Amino acid sequence: AQSLKEFARLLIAVEEERRRLDGKKKFDKESEKYYSILEKHLNLSAKKKESHLQDADTQIDREHQNFYEASLEYVFKIQEVQEKKKFEFVEPLLAFLQGLFTFYHEGYELAQEFAPYKQQLQFNLQNTRNNFESTRQEVERLMQRMKSANQDYRPPSQWTMEGYLYVQEKRPLGFTWIKHYCSYDKGTKTFTMSIAETKSGGKVNGLVTSSPEIFKLKSCIRRKTDSIDKRFCFDIEVFERPGIITLQAFSESNRKLWLEAMDGKEPVRIYFFSLSFYMFLNEAGFNFVRKCIHAVETRGITILGLYRIGGVNSKVQKLMNTIFSPKSPPDMDIDMELWDNKTITSGLKNYLRCLSEPLMTFKLHKDFIVAVKSDDQNYRVEAVHALVHKLPEKNREMLDILIKHLVKVSLHSQQNLMTVSNLGVIFGPTLMRAQEETVAAMMNIKFQNIVVEILIEHYEKIFHTAPDPNIPLPQPQSRSSSRRTRAICLSTGSRKPKGRYTPCLADPDSDSYSSSPDSTPMGSIESLSSHSSEQNSTTKCVPSQPREKSGGIPWIASPPSSNGQKSSGLWTTSPESSSKEDATKTDVESDCQSVTSVTGTENASLSTDLTKKSSYSLSGLKRQAKAMYSCKAEHSHELSFPQGAIFSNVYPSVEPGWLKATYEGKTGLVPENYVVFL
């Protein structure tokens with residue numbers, strides 16, 4: 001009977017172990033199933049239909065829940081075993097000692113001496129058993145709370161963030177994604193990753209098979225979906241390895257956690273270019289620009305919307321990766337049969353935009369801006385002439401090559417509609433940009449366009465003659481004085497109706513760029529055509545019906561002016577509204593801006609000085625005034641109005657350079673140099 005009891009206890013113990021093993025097998029099975037489905041899910045192309053992606057997301061969420069429950073139950077069993085060890089091992093030992101001391105007479109005195117320790121041990125055992133019960137109940141409640149929680153529980157850790165990520169690695173036939181276990185410490189900016197296996201012969205899931213790689217983080221940038229065929233990706237740069245490391249998280253929420261931990265940033269300026277390093281004015285760069293210009297001038301200089309219509313994102317990315325790959329020779333040719341005209345022109349703009357310093361340098365940026373704000377047309381040209389010759393030799397050489405090409409492009413404006421004014425709009429922000437992207441810098445975008453216009457119109461003089469040494473170089477103005485700047489017009493004589501460039505947007509279904517935010521000014525106060533040269537004023541108007549494209553900006557015709565001539569234009573968005581729109585755009589949305597040219601028939605000989613004197617001489621009186629140019633408000637306290645608009649109750653504002661006026665029942669500020677008193 002005693003043997004049967006012992007055998008029964010043995011069977012019970014075996015059965016208990018079998019149940020534990022079943023829990024382990026269930027965990028292994030659910031783990032393998034989940035990671036298998038997860039790999040298939042992550043390999044789904046971002047170009048799949050939205051319904052297909054939603055079904056895949058629903059399936060992975062369901063499998064994740066099953067895996068999550070199996071993991072919690074397995075951890076619960078492990079915890080139970082660990083706690084039982086504390087008393088199941090000691091109790092038989094205590095019974096053995098008790099029998100041993102009772103059986104041996106010599107052990108009687110030893111048992112007496114051991115009695116206090118034995119009693120204390122009994123108390124400790126009872127406390128341990130009680131603690132086990134309370135701990136078990138608490139863990140069970142915690143497990144239930146974790147099951148009902150909406151998001152994964154993240155236990156305390158020495159790391160700011162840790163978990164599995166897929167790392168993109170280059171292979172001879174393309175790229176592959178390897179699963180790593182990664183951790184990051186925000187204090188020291190230490191990023192660690194180790195290769196991990198998801199299937200290890202049924203032994204241990206997530207087995208680390210190599211020593212970890214340790215890096216110090218330099219930067220972290222979210223990867224846009226239109227630049228890669230995977231979702232949930234982000235790029236990091238480290239000091240120990242050149243180039244970038246592309247990582248893929250398990251989900252959008254998981255990527256956000258990594259980006260928050262690493263102080264990740266949104267892609268800026270070069271978001272459509274997969275190589276996240278700056279370009280340089282080296283042999284490869286000069287060769288690339290010359291090849292692009294040769295291709296354009298050979299076969300596509302008369303194409304409508306040249307440089308305005310962007311190429312397909314993936315093709316441009318492939319072109320840049322091909323030309324600027326570390327393995328490519330500096331004099332690599334561009335296959336004109338492989339690359340279309342739009343891809344080449346977009347690649348040329350991308351190269352110039354991605355230079356570590358803009359072609360016209362940060363140092364001389366303010367000098368160029370101040371130069372073209374001058375009222376004296378001759379001085380503007382002479383000052384720009386002198387400043388160009390202060391550029392570094394390589395910068396001036398590259399600028400010479402580019403402007404010479406743009407002169408040829410503008411000569412075919414009857415076919416391609418790329419007038420000097422329109423080329424200035426596109427290449428102004430490309431060749432010039434402020435070192436800090438402030439609101440003031442945004443307001444100066446229109447003056448960057450004027451600099452490019454001057455370079456194109458006076459190419460021979462600026463690049464092939466020496467500047468006048470007696471011309472005083474411009475001095476940067478203060479913010480308050482810059483707001484008094486008068487309307488700028490490069491042309492002389494009567495103002496003729498100017499041609500309007502009709503932007504041709506790319507197919508909305510294609511993954512293309514029309515224009516980046518850096519290539520088109522947003523919220524320009526005055527019409528860009530008012531800064532154009534006399535040669536652009538003779539361009540024929542291209543009629544365009546008001547229309548609206550998906551994801552684009554509505555085309556609005558301006559109301560007719562008082563003299564009966566119509567002036568049509570495209571209203572651009574203000575910096576405030578456009579910034580809000582940009583903040584809500586998804587990865588795959590394209591940033592489209594349009595170029596506008598507003599026609600005008602006012603006589604350019606009207607002196608702005610006379611206007612200024614008239615406004616101040618009538619201080620305290622409310623008069624009527626007429627708009628000489630159109631304007632789009634950039635702030636809520638300013639007025640938007642077309643050319644020829646009639647204002648009532650006009651009087652000087654407390655802010656220098658501005659007038660208070662009423663138009664269409666709304667009262668607000670208007671630029672003083674935009675109106676003439678009636």
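Every residue, even glycine, has its Cβ placed from backbone N, Cα and C.
Ranges compared are 118-152, 468-502, and TrEMBL records coiled coil for 118-152. Residue counts for the domain 'SH3' (620-678) under DSSP, split into helix (H, G, I), strand (E, B) and coil, are 3 helix, 30 strand, 26 coil. For the domain 'PH' (158-267), DSSP puts the residue distribution at 13 helix, 54 strand, 43 coil.
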